[in-house]
Amino acid sequence: MLDHFKVGKGAGFPNHPHRGQATVTMMLKGTFKHGDNQGHSGYIHEGGVQFMKAASGLIHSEMPVQDKPTDPVPEGLQLWVDLPEGEKSAKPEYQEFSDEQLPRAYPQGNDGDVEIKVISGETNGVKSPVTVCAGCWYFDISLKKKGAQVFQDIPSNWNTFSYIISGNAKMGDKQGLKAHSTITFTKQDEQNGLQIEAEEDNTRLVLIAGEPLNQKVIQYGPFVLSSEEDIYNAFEDYQLVCSLLLPSIQQICQVHRECIRWTNTNIFIRNRQRGIHVHPAALFSILDHFMRRPMQQERVIGALLGSRSSESDVEVKSAFAVPHSENDEQATVDSEHLQSMLDLHLKVNPREVLVGWYATGSSLNAYSALIQNFFTQQNTQPYNAVHLTVDTQNFNFKDAVKGYLGSSLGPLPKMDNCVFQSLPVDLLVREQEKASLDALAAPPKQTLDDIPALRAALEKLSAQIDEVLAYVEKVVSGEVEGDAVVGKALLSAVQSLSTRFEEGDLNKILDAHIQDTKAVSYLADLIRTQADIASRLSLLG
């Protein structure tokens with residue numbers, strides 16, 4: 001199978017599995033970034049070729065790179081090659097070559113009109129260094145001038161096809177072959193080779209040939225295997241095992257990294273483990289979003305920002321709400337609001353990236369796959385978006401917050417097709433945040449209504465006045481040595497109050513300061529609200 005792709009920013013091929021085949025990716029324009037669960041990552045630039053032998057299986061992503069507005073839209077060819085039965089269970093393998101590293105053949109001499117880039121196989125005495133392409137031949141042939149010709153030897157028992165990238169060509173007895181045409185040849189057509197002629201300047205094509213494997217081939221989605229049972233096992237392995245895989249390079253880089261975690265208000269240090277590590281600020285933002293939602297709205301969703309070092313090691317540092325609506329027929333997300341908020345957040349903290357999304361509720365629902373793929377397309381690449389569900393009816397963190405890694409099946413997945421694997425979730429706390437969390441987690445003190453609070457304040461004031469009078473009497477009687485600083489402070493306080501008491505009794509004073517009483521009432525209401533929030537958060541541990 002040969003695919004001519006042209007993929008702009010925001011699209012691409014997010015994480016998806018392969019098993020049983022090799023892929024050959026050649027970039028015609030632009031750059032692709034790739035990475036996989038084996039720790040392999042890098043870039044394929046224009047003219048470069050990557051050979052990936054999936055064999056027993058791996059999970060990888062291939063995403064376009066357009067850092068500047070002037071960068072071309074990435075375009076290339078990807079060939080799938082079936083592996084011999086004995087190689088389907090082998091270890092995955094890569095080979096990568098830049099445009100300059102691939103050898104060329106010039107059948108008419110270096111100044112001739114024919115150039116053949118030898119991607120795989122051998123022609124005109126030039127051999128490719130590739131060893132993982134199951135023995136097939138793959139030639140990129142450029143014919144500079146109209147009428148330029150070349151004859152390519154091909155074993156008589158091989159299957160052959162060609163794809164015209166640009167221009168027009170004549171191949172064998174087939175004429176007028178235009179750009180984007182695919183031509184297959186029988187053994188009789190080829191005999192011992194194929195005559196190729198340009199019918200237009202700057203004609204370019206690829207010629208691919210290989211010996212038939214004479215084995216049963218079953219291709220389903222990203223898997224190319226030999227039986228239905230193998231296909232079933234591949235899907236089962238992908239769903240059950242892929243979430244447990246960590247890139248070996250990432251493991252080496254992070255094995256000595258340590259972090260501080262908070263559980264039941266106890267601080268302890270341990271080696272960092274895979275999973276979703278949530279900062280308190282992000283969790284509070286989610287809860288605040290839920291508390292402020294319209295009463296008719298059952299749940300809320302939003303974006304998660306932070307950092308990640310691998311597919312399954314994610315740090316969620318902040319979150320913001322994204323308006324959405326859903327009913328029995330459809331779900332919609334405000335993509336413009338998401339992009340605007342994301343741009344603002346990245347201006348404040350450019351080190352944070354979009355890592356996934358959250359939703360309140362105890363579990364996934366019918367629209368989770370659709371929303372998951374939407375957020376993955378919002379540039380969480382090269383990784384899939386993670387997903388947090390927060391059960392607001394259960395305020396125990398361990399039971400209320402669940403984490404998932406969602407990934408689509410196949411290189412061209414449907415928007416509503418997604419597989420979710422569970423990821424462990426924990427609360428990640430900095431040392432300086434510990435005191436605040438302890439205060440929030442502590443049982444709230446009982447608050448008083450306005451009148452009882454005012455009465456309690458007056459009683460406390462009366463007790464303090466009695467204490468001051470007792471001190472003054474002891475100083476006057478000589479029981480306690482007087483302190484000049486204290487005496488001056490008391491005299492200043494009495495003098496400041498004496499004129500006010502001359503204006504009227506206590507009732508008049510309270511009436512004159514009724515605004516202060518109203519302010520106290522307002523603050524009491526505010527404290528009561530904060531105490532209610534604290535009582536809920538105290539159960540998060």
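From the backbone N, Cα and C atoms, a Cβ is placed for every residue, glycine too.
Automatic, uncurated: that is what TrEMBL annotation is.
Residues annotated as domain 'MPN' in TrEMBL: 276-410.
Summarising the annotation, TrEMBL assigns region 'Disordered' to 1-20. Residues of the same chain lying 6 or more positions beyond the ends of the region 'Disordered' (1-20) and with a Cβ under 8 Å from any Cβ of it are 52, 54-64, 66, 73-80, 82-83, 88, 161, 163, 165, 180, 182, 206, 208, 219, 222-226, 230, 234, 238, 242, 311, 376-379, 381-384, 407-413.
Across the domain 'MPN' (276-410), DSSP classifies residues as 39 helix, 49 strand, 47 coil. Residue counts for the region 'Disordered' (1-20) under DSSP, split into helix (H, G, I), strand (E, B) and coil, are 0 helix, 12 strand, 8 coil.
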